[in-house]
Amino acid sequence: MEKKRSASVHLTALLFILPAFLVYTLYTASSIFRTFQFSLHDWSGFGPVANSANIGFANYVKLFADERFLHAIKNNFLLVVVSIVFQLSTGMILALIINSKNRGTKFFRTIYPMPLLLSTVATGILWLLMFNPYTGLFNGLLRIISPDVRLSWLGSEQVVLFAVMFVICWQYSPQYMILLRAGMTNISAEVYEAAVIDGANKWQQFWKITFPLLSGTLKTSAVLSIVGSLKYFDLIWIMTGGGPNGYSELMATYMYRKAFTEDQMGYASSVASSMIVISLVVIIIVQFMLKQKDNQ
Amino acid sequence: MKKLMDKVGFYGVAGLYLVLFGFPFVITIVMSFKSQMEFLGGNFWGFPSTLFFGNFARVFASNFPRYFANSVFVTALSVTISILAGSLASYAIARLKLKYAPYLLLFFMVGMMIPVHTTLVPIYQLTKAFGLIDSHWGLILPFVNFSLPIAIYIMTSFFREISISIQESAIIDGASPFTIYWKIMLPLSTPAISTVAIYNFLTCWNEFIYSMTLLNTERKKTLPLGIREFFGSETVNIPAVLTAILIASLPIIIFYIFAQEKVVNGLSAGAIKG
């Protein structure tokens, strides 16, 4: 009798899980394996992969001597650091603003998330216009001070990455505002009332109450920010295409170019596989470090 | 006096961020009422001297309405299907007491940890094998796929918070798991569903790289591709391009303004704990 019940429970569970499981297995899970499989072939992308030569790890050997790719990895890690530092801190300040009891917070709450709502293509075009050397807003403002400014923000090898990273932080800070604010609403008002009675000022309330109680949300945010930065593609592709001379290249833009404009799907797959491995390793290390900190 | 200083400080910082995050929208709106002549005449970033409506006419006369309709179709189906499939799976994971539930959850969570773009080449090949290149369904299936991990993550944690006694009394009354899911769990989960819906609506509406890879013809393109197309063909007509951006962004801005409180409730009720 017990066995029979359990069999029907399993069947029911299977039916509940099946639609999501099928789509996800087909598109994500199997794709991870197929990316690794493709990466072992010298394959242009035309014709079935089975017809192309299996060259073992030759793509990887080439990849880790590929200056452009190594530069892209460096850029990706710089983006990780800049994103964590600037997006999370800005997100925290914004969350504190919209969570405060001052008048007008409802208005701030509506306007701040705007960058998040705009499509990345639109964001990219808007900022392209602002960075434009001739008609752009930035040079226009600089010309008030010195009339001959023709600074090429996105054309300069030294400036380009920082200009785009500024826009990326602008775009994503509100996402962390929303997450952190959601975390703040879970902290009960009584904790703060008790602190006020004990004579704690706002600064102490933040560091002794808000910050430690948000540690879970901050961890989630940090992981999201790391994954997001390691896979980043859109704004770079739209604003600079990875240029000039690969100075704003990221792993994802490099992969896309190899796969779809240079017809090297096998090589592009070795870039993709490396991205998967790098992301998983970084996440495992970060999770481990966060756990260690909890145990202390 | 100290109170006053606090207020000045607060509104100073808050106002600075307001300008930083709000000014591109003000510029977009202002620019959409400016004529190309005036823009090229040197009035790049100022207010228009006269209100000009030609940009809107130009956008509506282009392929733009078609892009808009395509985006509505693809986004609506992707979000609906991912919520249905995701909530079904979440219910099984959260409530059907399966031994393998934690592993199943982890399996779906991997989708949030790996960079989605790395699956682009295999998914392009898969879509080609299905004969779905340049079809909206060829885009909806991967969109559902990318929406599932976050949907399952948020809904599983939300379902776990719902009191188990409601479910138990329903079982005594003879309700099937599907009835419990459909009649009890889903109606109680509107905060979580709204959060998932808004998040995935945003992602699908604005998605760029998969759309660029899987769609080719003009008639099939979605808004982000359309804006880029429009930018390519009207590079000198900046006011018209910004008008297109404005029209493409309005639905999501309106949607967000109405639903924003729900997002916070949905997030704080489940996913963000821990």
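Note: Cβ is positioned from N, Cα and C throughout, glycine not excepted.
As annotated by TrEMBL, transmembrane segment applies to B:12-33 (among others). Here the transmembrane segment (B:12-33) has Cβ contacts under 8 Å with residues 39, 45, 47-48, 51-53, 55-56, 238-239, 242-243, 245-246, 249 of the same chain, all six or more residues outside its ends.
The feature transmembrane segment is assigned by TrEMBL to B:40-61 (among others).
Residues annotated as transmembrane segment in TrEMBL: B:67-91 (among others).
The annotation domain 'ABC transmembrane type-1' is assigned in TrEMBL to B:68-259.
Long-range contacts of the transmembrane segment (B:103-124) within the same chain: residues 89, 93, 142, 145-146, 148-150, 152-153, 156, 209-210, 213-214, each at least 6 residues beyond the stretch ends and with a Cβ under 8 Å from a Cβ of the stretch. If you look up TrEMBL, you'll see B:103-124 (among others) marked as transmembrane segment.
Residues annotated as transmembrane segment in TrEMBL: B:136-159 (among others).
Residues annotated as transmembrane segment in TrEMBL: B:180-202 (among others).
Marked as transmembrane segment by TrEMBL: B:238-259 (among others). Beyond the transmembrane segment (B:238-259), the same-chain residues lying 6 or more positions past its ends with a Cβ under 8 Å from any Cβ of the stretch are 27-29, 31-32, 34-36, 39, 52, 55-56, 58-59, 62, 64, 67-68, 71, 194, 197-198, 201-202, 205-206, 223-224, 226-227, 230-231.
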Note = Long-range Cβ contacts under 8 Å made by the transmembrane segment (B:67-91), restricted to residues 6 or more beyond its ends, are 104, 108, 136, 139-140, 143-144, 147-148, 151-152, 155-156, 158-159, 177, 181, 185-186, 189, 193, 196-197, 200-201, 204-205, 220-223, 225-226, 247-248
